[in-house]
Amino acid sequence: MSNPDEAATHNGDAGPSATAFTPPAYVENPTPALGFGVSSITRRWKREDLFNKGSLIARGFAFLLSLLSFIITASNKHGDWRNFDNYEEYRYLLAIAILSTLYTGIQALIHVNALWNVKQILNQRISAMVDFVGDQVMSYLLISSVSAAIPLTNRMREGQDNAFTDSSASAISMSFFAFLTLAISAVVSGYKISTQSYI
């Protein structure tokens with residue numbers, strides 16, 4: 001003869017011992033955990049948006065400063081020995097200013113496109129790597145052109161201070177400030193690389 005409890009269990013009746021186990025609910029205020037997750041996501045989005053806009057602003061300033069350096073150097077022709085063509089250092093300064101103008105202009109256009117359009121030209125990870133490497137290379141080239149042109153300008157200003165040396169000093173200053181803005185942009189690009197997921 002079978003036990004009545006066993007028969008009830010075999011018939012599909014759930015006895016007191018056969019009730020399904022339900023995990024205990026989190027009773028200690030589950031809403032803040034959900035709110036914390038949402039707020040951390042929105043904070044991250046705001047931070048990424050701030051970095052994207054900051055990077056665009058830095059590249060815009062670098063573009064303007066590089067363009068000014070290019071224009072000032074290219075127009076620094078005052079006749080005789082006061083032509084930038086006669087000095088290798090100033091030709092190097094001009095070449096790097098042209099490269100920097102092209103690079104920062106293209107990068108600014110790419111970032112404007114990325115901010116206004118959902119579709120990006122490059123993958124986000126590849127774009128962050130290109131930004132970082134490009135900013136690093138261009139900032140090093142800018143500071144090397146500045147360091148090459150400063151000693152020549154200082155020697156000329158010791159002998160004679162004129163419009164040629166003043167224009168050279170202005171072009172050097174613009175290239176130096178372009179270097180600073182690209183260095184800031186490189187730091188932002190490095191942060192973007194460090195926050196990328198590589199899984």
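In case you wondered, yes, glycine gets a Cβ from its N, Cα and C as well.
What TrEMBL says about this one:
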- 52-180: domain 'Casparian strip membrane protein' (DOMAIN)
- 1-22: region 'Disordered' (REGION)
- 50-72: transmembrane segment (TRANSMEM)
- 92-116: transmembrane segment (TRANSMEM)
- 128-150: transmembrane segment (TRANSMEM)
- 170-191: transmembrane segment (TRANSMEM)
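For the domain 'Casparian strip membrane protein' (52-180), the number of residues in each DSSP class (helix H, G, I; strand E, B; coil) is 109 helix, 2 strand, 18 coil.
Here the transmembrane segment (50-72) has Cβ contacts under 8 Å with residues 93-94, 97-98, 100-101, 104-105, 107-108, 111-112, 114-115, 131, 142, 167, 170-172, 174-175, 177-178, 181-182, 184-185, 188-189, 191-192 of the same chain, all six or more residues outside its ends.
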